[in-house]
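Step one of this worksheet: look at the structure below.
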Amino acid sequence: MDLLIENARLVSMERGEAGYLPTPPARVGIQAGKIAAISAHPVGRDTPQIEALLSPQHYSQTIDLQGQLLTPGLIDCHTHLIYAGNRANEFEMRLNGVPYQEIAKQGGGILSSVKATRAATEEQLIELALPRLDGLLASGVTSVEVKSGYGLTLKDELKMLRAAKALEQERNVKITTTLLAAHALPPEFEGRADDYIEHVCQEIIPIVAEENLATSVDVFCESIGFNLEQTEKVFATAKLYGLHVKGHTEQLSNLGGTELTARYKGLSADHIEYLDEDGVVALSKSDTVATLLPGAFYFLRETQLPPIELLRKYHVPMAIATDVNPGTSPFSDLTLMMNMACTLFRLTPQEALRGVTQHAATALGYTNSRGVIKTGFDADLAIWDIEHPADLSYQVGAKRLVGRIVNGEYVSHGGF
């Protein structure tokens, strides 16, 4: 798709403060799904080379944004979008004072979703996921990470990953899949966590890698999940098969999972409410992103805040994601998460936008192809009818998305 965008106030997110401030009316040329040229100068006032690249004769479609805001497409770098079942009853239990850990010990929580997901077909899982995905797309999302983890058998984990990848055929969006077989201990392995981890490493990871069903492997490293030794075994196996690693770490306690994730050069360590300074230092010495999940923090009514000031002090990149899931974050709006990150965690609007663009791209391994508006990068963009990028964090509920561009293809969300 060849597309020329004119009169866009560009928020590139490329270079610090400058990349956050909207440019004067700019032009962006898109060819073969990539950004071919950018100019913030009036027509005829840029270099001859840039003017030639942006000549309308090279493009089959032109869109005049008339001063509307153009940002990178938003990236949701942590979701559990594929699942069956309903856990609204647990919401009431928590409101009555039953803690999440106790619900899980009673066989609720993740395992109730496991039962429903195992009973669903791949086609049913796709249909159930589409409304959730549509909510994300309506908030400007162009890339979504989707985890497995509600199957916990080889057959059902593969089913979930195939359903996730199939979403690309249903909607104009990029899907990245992550194996999260080490999400919870399935009933068949009750009391035998080491045996289950052996099963994950010997039976599930090799098939997932062979069939190219995931690019990363994640582990729920927590007191009600898997310990450090078990997590490390999964990480080591994933690396052996050429897969990236990610961690659900320090959500409910400090086990050192974040430091382990950083040691294995993980793409991201997610949740991190109980992360201490040693863990932050470990992140700062790696390329591992700290992913904040304010939806789960809010929904669980947690009080332990992630160490935002330490993350700033040590210059650790912070991503933000929805954590869409049936038990602890049933939210499908990434701009709502931006607002929560600002109001609950005290991020700035600039940090929030960078957290769902540049840093979210890094958390998925796309540092050099997504998350900023830059020549040579993927043409994944969002068009907004707003005055300033801070409005994305400030306003909640107002319909502000005009359209999305994915791989250079324009999709209207009420504009043009």
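Placement of Cβ uses the backbone N, Cα and C atoms for every residue, glycine included.
These come from Swiss-Prot:
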BINDING   H78, H80, H248, D323  Fe(3+) binding site
BINDING   H78, H80, H248, D323  Zn(2+) binding site
BINDING   R87, Y150, H183, Q251, T328  4-imidazolone-5-propanoate binding site
BINDING   Y150, N325, G327  N-formimidoyl-L-glutamate binding site
_My understanding is the cutoff is Cβ-Cβ under 8 Å with a sequence separation of 6 or more in the same chain; which residues meet that for Q251 (4-imidazolone-5-propanoate binding site)?_
E222, H271, I272, E273, Y274, A296
*Fill in the CA-CA distance, Y150 (4-imidazolone-5-propanoate binding site) to G327 (N-formimidoyl-L-glutamate binding site), as an integer in Å.*
12
*Which ones, of the binding-site residues H78, R87, H183, H248, have a Cα no more than 10 Å from the Cα of G327 (N-formimidoyl-L-glutamate binding site)?*
R87
*Distance, H80 (Fe(3+) binding site) to N325 (N-formimidoyl-L-glutamate binding site) (CA atoms, angstrom)*: 5
*Cβ neighbours within the same chain of H183 (4-imidazolone-5-propanoate binding site) - under 8 Å, at least six residues apart*: I110, K147, S148, G149, Y150, L152, D218, F220, G225
*Look up R87 (4-imidazolone-5-propanoate binding site) in the DSSP assignment and report helix, strand or coil.*
coil
*What residue among the binding-site residues H78, H80, R87 has the most other CB atoms lying within 10 A of its CB?*
H78
